[in-house]
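Written below as structure tokens is the structure these notes are about.
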Amino acid sequence: MEKKPAMLLILYATQTGNALDAAERIGRDAERRGCAASVSSIDDFDASSLPHRDTVIFVVSTTGQGDTPDSMKLFWKYLLQRNIAKNWLEGVHYAVFGLGDSGYQKYNFVAKKLDRRISDLGATAIVERGLGDDQHPSGYEGALDPWMSSLWIMLYQINPKFFPNGPDFVISDTTLIDRPKFQITYLETDKVDLQSSSATGLDRVQMQTGRARSMSPGKVSHIKNIPDCFLKMIKNQPLSRTGCGKDVRHFELEFVSATIQYGVGDVLEVLPGQDPSAVDAFLQRCNLNPESLIIVHPIGIESHHRDAEGNDSKVPIKLKTFVELTMDIASASPRRYFFEVMSVFATAEHEKERLQYFASPEGRDDLYQYNQKERRTVLEVLEDFPSVQMPFEWLVQLVPPLKTRAFSISSSPSAHPNQVHLTVNVVSWTTPFKRKRTGLCSTWLAGLDPQDGVYIPAWFRKGSLPSPPASIPLVLVGPGTGCAPFRGFVEERATQDMSGAAAPIMLFFGCRNEENDFLYKDFWLSHAQNAGPLSIARGGGFFVAFSRDQPQKVYVQHKMREQSERVWDLILEGASIYVAGSSTKMPSDVMSALEEIISKEAGVSRETAVLQLRRLEKDGRYHVEAWS
């Protein structure tokens, strides 16, 4: 048998980058204690070699409604093979740390099921699994710090060779901070044959986007570098009443490059633009030349290669363009390691001391108050510590990547062949210290003028709401912007009606006030009349809960209970149930209402109703898409 490597292997599965951050943090902490560590994405690891590893740490996030990250799907499928022996991982020591959000029903579901499966296959847990929670006052780090302390103690007891000087010995010399992982090659303008110099308009934007994102260290596995297509906004329409405290928009976007075939229930991912004044301020603060031509590539990897999509990494890009398309400098908050590296480059002693404190376990809560709770941006942090001059290599590595934002599509391609529609809440809030904050992508979209013809990079993907066949009745629950995908469902049914009557739809919508935020009022009411897909005459129905229009608050679950018999009749006819909207309480309140309805109408116990609802879920007749 192959000899097991004497190294701590850390495997991460991430959807947005948080699990990667946590994995790298564990790896750095291990190396500072004298323990060799290797950090890898789980999709780069050969699952069949797992029994030949001595010690493995898994860091995994949970996405959506208990879903595994895309990068983990093949690994998980391999572990579920029936022909794997129960003692397959005997002799392997492991630990699991999960990242999740307790606002969701299936909190840290992936970490829990991975822990169980690895244990069932004969591996020995080093410590009890750790569960990081976005709702914790310090985010996932609130659980990660104590979990790591226990991990090192128990790992030392299992094999003292991991820590030659003991688990409490820490190399504190700041010179041992890793060198940056990325190298920047600067080229002289007159010696460069720029491929995009002759390209104009859409071609130029497409080349720059693909090139910049192929160089970015923050690539997420399920997103390709080159967008599926580019869109232009043709309509920017407010749906909520001006001054009501909400700003909900209806956006109509038109394909300007290849038309992508999408289905109702699909998701559109948009790469937002950044405020030009913020980009300029960042470049000035960091003493960067916006016109510099650069190539970014990982240390130790030859800079001249093509990625999987054919982007030539030897072709340079303007530094300013790279920042604009890949580095989130004025929206996302930096990680703790950013403050640690900043402390090395601080020349003012009081700044250095404060940064070192923020990077320490003792300063974790104060850092959270200063950074995450206030949602301070990279630019704001750099401006608060003016003596720090970080090399661009470090900024490329540590500035949070500019991420795409996902939106449920609110149109049917049958009704709008060359378009895709979105229903977007323009996000804004006030921090504890009264700073006004806005959502990067929603604010950017809301500020676009259709006359300007801005190219919008976009990717399409399947969401949690599969497109239903025309013959299946539907029970849809979508309060607020949760109604977005169901606008597409209703449009699709209306189109299907032209070639024969499709099955009915029962829709429960909710908002605060009829006058302020009754989204798509005329659309719903028109399809609830004249034997439309939402009409009671067809066996469907449209029911609205206005939560603030009367002294007693009324929500969608109350309207569902009022229509208990109708809901049950549709379920008996084979209806599928779809729920979309806020992840806080709504999905669990809706599920509770459905349990009540089944118990009452079928004359069974609540426990039996719960089992029947689980059966619907297992049979693919119960779907939830929720967001925080």
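Any Cβ shown, glycine's included, is placed from N, Cα and C.
Long-range Cβ neighbours of Asp134 (FMN binding site) (same chain, at least 6 residues apart, Cβ-Cβ under 8 Å): Leu99, Gly100, Asp101, Ser102, Gly103, Tyr140, Ser628. TrEMBL lists Thr14, Gln15, Thr16, Gly17, Asn18, Ala19, Ser61, Thr62, Thr63, Gly64, Asp134 with the feature FMN binding site.
Within 10 Å of the C-beta of Arg375 (FAD binding site) we count 14 further C-beta atoms, all protein chains included. According to TrEMBL, the feature FAD binding site maps to Arg375, Arg405, Ala406, Phe407, Ser408, Gly439, Leu440, Cys441, Ser442, Trp627.
The NADP(+) binding site annotation in TrEMBL covers Thr481, Ser547, Arg548, Lys553, Val554, Tyr555, Val556, Gln557, Asp589. Its Cβ taken as reference, Asp589 (NADP(+) binding site) is surrounded by 16 other Cβ atoms within 10 Å in the chains shown.
The feature domain 'Flavodoxin-like' is assigned by TrEMBL to 8-152.
Per TrEMBL, domain 'FAD-binding FR-type' is recorded for 226-468.
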**Fill in**
Counting across all protein chains, other CB atoms within 10 angstroms of the CB of Val556 (NADP(+) binding site) number 27
**Complete:** Rounded to a whole number of Å, the separation of the Cα atoms of Ser61 (FMN binding site) and Thr481 (NADP(+) binding site) comes to 25
**Maximal Cα-Cα distance (Å) across residues annotated as binding FMN, namely Thr14, Gln15, Thr16, Gly17, Asn18, Ala19, Ser61, Thr62, Thr63, Gly64, Asp134** = 15
**Asked** Rounded to an integer, what is the Cα-Cα distance in Å between Thr481 (NADP(+) binding site) and Thr63 (FMN binding site)?
**Response** 20
**Item:** Confidence summary (mean pLDDT) of the domain 'Flavodoxin-like' (8-152)
**Value:** 91
**Fill in**
Across all protein chains shown, the binding-site residues Thr14, Ser408 give the max Cβ-within-10 Å count at Ser408
**Asked** Out of Thr63, Ala406, Ser442, the binding-site residues in the record, which is closest to Arg548 (NADP(+) binding site) when you go by Cα distance?
**Response** Ser442
